[in-house]
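*Asks:* So Swiss-Prot lists the following for this protein:
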type	residues	note
BINDING	R111, R131, A132, Y133	fatty acid binding site
Amino acid sequence: MSAEQFVGRWKLVESENFEDYLKEVGVGLLLRKAACAAKPTLEIKVNGNKWHVNQLSTFKNTTLEFTLGVEFDETTPDGRQFKSTITIEDGKVVHVQKRIKDSDHDSVITRWFEGEKLITTLQSGSVISRRAYIRE
């Protein structure tokens, strides 16, 4: 798997169990409803080990900049803070969010390809959400 495969604009086309995932990680009801109604587009740019990911939606636009394998401070769209590390393992991009506050919950976000779709799973505890994107 080449990191270059991820480069481009990706539009959300399928979403399963996303609200349950958001509830598991502690996102409030109003923000959960808004996030579930949004149909985000991902803009991904890669330069060597440095990645730049914009998530664009009517809910909120966010930017994530990171270097593969290097821990960084991450603030989620709803304001939760994590120590995060993103790596490539077995052809998948694995994003580990480790909580800073005891009231938050760790998550693992994994991205890979199935045919022409970019698949994303979000897992916290036993709750797993699956989302699929297609290239714009």
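Just so it is clear, glycine is given a Cβ too, placed from its N, Cα and C backbone atoms.
Bear in mind that the values here come from a model prediction, so they are computed numbers and not experimental data.
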*Asks:* Quick check: with R111, R131, A132, Y133 left out, which same-chain residues have Cβ atoms within 8 Å of the centroid of the fatty acid site Cβ atoms?
*Replies:* W10, L12, E14, K117, L118, I119, T120, R130
*Asks:* By a simple count, how many Cβ atoms lie within 10 Å of the Cβ of A132 (fatty acid binding site), its own Cβ left out?
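*Replies:* That number is 17.
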*Asks:* Using only the residues recorded as binding fatty acid (R111, R131, A132, Y133), report the maximum Cα-Cα distance in Å, whole number please.
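*Replies:* Among the residues the record ties to fatty acid, max Cα distance equals 10 Å.
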*Asks:* Within the chain of R131 (fatty acid binding site), which residues six or more apart in sequence place their C-beta under 8 angstroms from its C-beta?
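*Replies:* Counting only residues 6 or more apart in sequence, the Cβ neighbours of R131 (fatty acid binding site) under 8 Å are L12, E14, S15, E16, F18, I119, T120, T121, L122.
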*Asks:* Neighbour count, 10 Å Cβ-Cβ cut-off, for Y133 (fatty acid binding site): what number do you get?
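*Replies:* Summing over all protein chains shown, Y133 (fatty acid binding site) has 23 other Cβ atoms within 10 Å.
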*Asks:* For R111 (fatty acid binding site), what is the secondary structure by DSSP, using just helix, strand and coil?
*Replies:* strand
*Asks:* Same chain only, sequence gap of 6 or more: which residues have a CB within under 8 Å of the CB of R111 (fatty acid binding site)?
*Replies:* F6, K92, V93, H95, L118, I119, T120
